[in-house]
Amino acid sequence: MQRTPELGNLTRVQEFVLLGLSTRPDVRDVLFAVFLALYLATLLENTLIVYLVCAHGELHKPMYFFLGHLSCLEMCYVSVTMPSLLAGLRGGPCHVPFAACMTQLFFFITLICTECTLLASMAYDRYAAICHPLRYQVLMRPQFCLGLAVASWLGGLLVSVVKTSCIASLSYCGPNVLNHFFCDVSPLLNLSCAHVALTELVDFISAIVILWGSLLAAGASYVAIGRAVLRMPSATARRKAVSTCASHLAVVGIFYSATLFIYARPSRIEATDLNKVLSVIYTVVTPMCNPVIYCLRNKEVQAAFRRTLGWPRG
């Protein structure tokens, strides 16, 4: 679209039209049922994790403290993006008021940035546990863990305030159709009829700082963990160390593979079906899989779950 500074006589867009995940009526009903089931399963799984962490004293450890925060975040995450996805699958393209679109964008950016820093904090926790086991209680004392969690949430909130303010202040004169199932950064920038160079720069810098910064922090933790594991004399100790990190590495790989492709590029991304599919990975698949990945091989969580149900020990 042609950008022009002469915007005084142009009508500002009052609403956006979300095309949704699919425009094919023959598959929308099936997708609606699938994603509704995924949404409910995600809420149930993550609610269960939060309950187990809060209710069982043996899970009052730094690793589960961060896992509880991550589960709370995932419940918020899917509740921000999934309603508009389901609405589009149920009734076709949906009309979203400008203010509602910016509100959704604000919460989405807050949550995705918070998740990045939480994942980096969880990687540091594993680094402290494996590389400095004797100092672990000192390094990961409750005050420090709380500080990391609060900093993650406040950092995500701050980034979101800046980015959403920049995007909301742009002029949108039409068209108003977003080829997406929620209000995301790149589709909105593509619709703006104003000069977006400054907003793109803010978006790119924040992506570098938050996405790449947190990924590098997590990567540095795991490089140190890898070196420590290789120096362990016992094969049993090595297997145990790898087992405690494998679930987090899987989550990091799934989450960052999609988010980096979408957000960590210096130019606007055209709204394509591929981008929508990748968005499904970190807005639907990751929140649903995280509880399963983290708890599938975790004996402490499994034991707490069995006690909650009144089952005998396995």
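For all residues, glycine too, the Cβ spot is worked out from N, Cα and C.
These features come from TrEMBL:
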TRANSMEM  30-52  transmembrane segment
DOMAIN    45-294  domain 'G-protein coupled receptors family 1 profile'
TRANSMEM  64-85  transmembrane segment
TRANSMEM  105-124  transmembrane segment
TRANSMEM  144-162  transmembrane segment
TRANSMEM  204-225  transmembrane segment
TRANSMEM  246-265  transmembrane segment
TRANSMEM  277-296  transmembrane segment
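Packing against the transmembrane segment (277-296) from elsewhere in the chain are residues 21, 35, 38-39, 41-42, 45-46, 48-49, 67, 70-71, 74-75, 77-78, 81-82, 85, 112, 180-182, 184, 247-248, 250-251, 254-255, 257-259, 261-262, 302, 305: each is 6 or more residues past its ends and has a CB under 8 Å from a CB in it. When Cβ-Cβ distances below 8 Å are used as the criterion, the transmembrane segment (105-124) is approached by residues 63, 66-67, 69-70, 73, 76-77, 80-81, 148-149, 151-153, 155-157, 159-161, 163-164, 167, 182-185, 188, 206, 210-211, 213-215, 217-218, 221-222, 248, 251-252, 255, 259, 282 of the same chain, each at least six residues removed from its ends.
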